Amino acid sequence: MRIAFTKMQGLGNDFVVIDALSQPLSLTASQVRWIANRRLGIGCDQVLLVTPASLPAIDFGYRIFNADGGEVEQCGNGARCFARFVREQGLTDKNVLRVQTASGIIELQLETDGQITVDMGVPRFAPHQIPFKVDQEADYYSLELDGQQVEIGAVSMGNPHCVLRVPAVDTAPVAHWGPLLESHPRFPQRVNVGFAQIVSPGHLRLRVYERGAGETPACGTGACAAAVIGKRRGWLSGQVNVDLPGGRLGIHWEGDGKSVWMSGPAEIVFKGSIEL
């Protein structure tokens, strides 16, 4: 079966996006791994599917698969690419979209300047919602790592995140601590790991080790997680520029019980087809 796809990227975080409306398909984990393979397939951090809406008030379904073949709940950079894809493909003429993810409904706004703003939903801090194994909720937690105690914040942005504050992201132990924290037994569904350097109340630098993908140039949910953890700790304001290796995202959050809004670019790289 030959499937048409579009290769897209948001701040260097790259995706293979497939219209599963006009060409219905159900991908196996091995097919996802093959598509994502940078030597044998197309190559990407994640595979995104546009699927039929399941509710009248929803425009599309949005499914997300990591490069390791596992389906995940949310991806912010992917959501921006998703929004641009459905407009470019002529699947909608709307500027505001409501899409269904595995973690709930999100709103996507296509701005006149080409940026895309995403309602990433309300962050969840309750340990059972992350999920994170701990007796009670707190603003920060101590984990043992490499024989030392490491202080983290934990939050769900539709997918689990932990955030560490570091003096400088350039020298942060991302390659070593990233996989150790990703698979830490206190996170039963594994976790995305953010290494955050606070530059000023309105500016942070961030590197993210993504669950199932490793370090990537950018992570939208990771940027949201770092911004909300930083605001909760009193380090950051409600409007923050987040600089990742791939570029800058704007994050706005007014506080507990409010949605996080993320703004950034989405670009088409090329189009093609692949035999599955």
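Backbone N, Cα and C define each Cβ position, glycine as well.
Of the residues ASN37, ASN66, Swiss-Prot places ASN66 in the same substrate site as ASN13, GLN46, GLY76, ASN77, ASN159, ASN192, GLU210, ARG211, GLY220, THR221. In sequence order, VAL32, ALA36, ASP45, GLN46, VAL72, GLU210, ARG211, GLY212, ALA213 constitute the residues six or more apart from ASN66 (substrate binding site) in its chain with CB-CB distances below 8 Å. Comparing the binding-site residues ASN77, ASN192, ARG211 by how many other C-beta atoms lie within 10 angstroms of each C-beta, the top residue is ASN77. One way to see the shell of the substrate site is to take the Cβ centroid of ASN13, GLN46, ASN66, GLY76, ASN77, ASN159, ASN192, GLU210, ARG211, GLY220, THR221; the remaining same-chain residues with a Cβ within 8 Å of it are ASP45, ILE64, VAL72, GLN74, CYS75, GLY78, VAL208, ALA213, THR216, CYS219, GLY222. In the three-state DSSP reading, ASN13 (substrate binding site) counts as strand.
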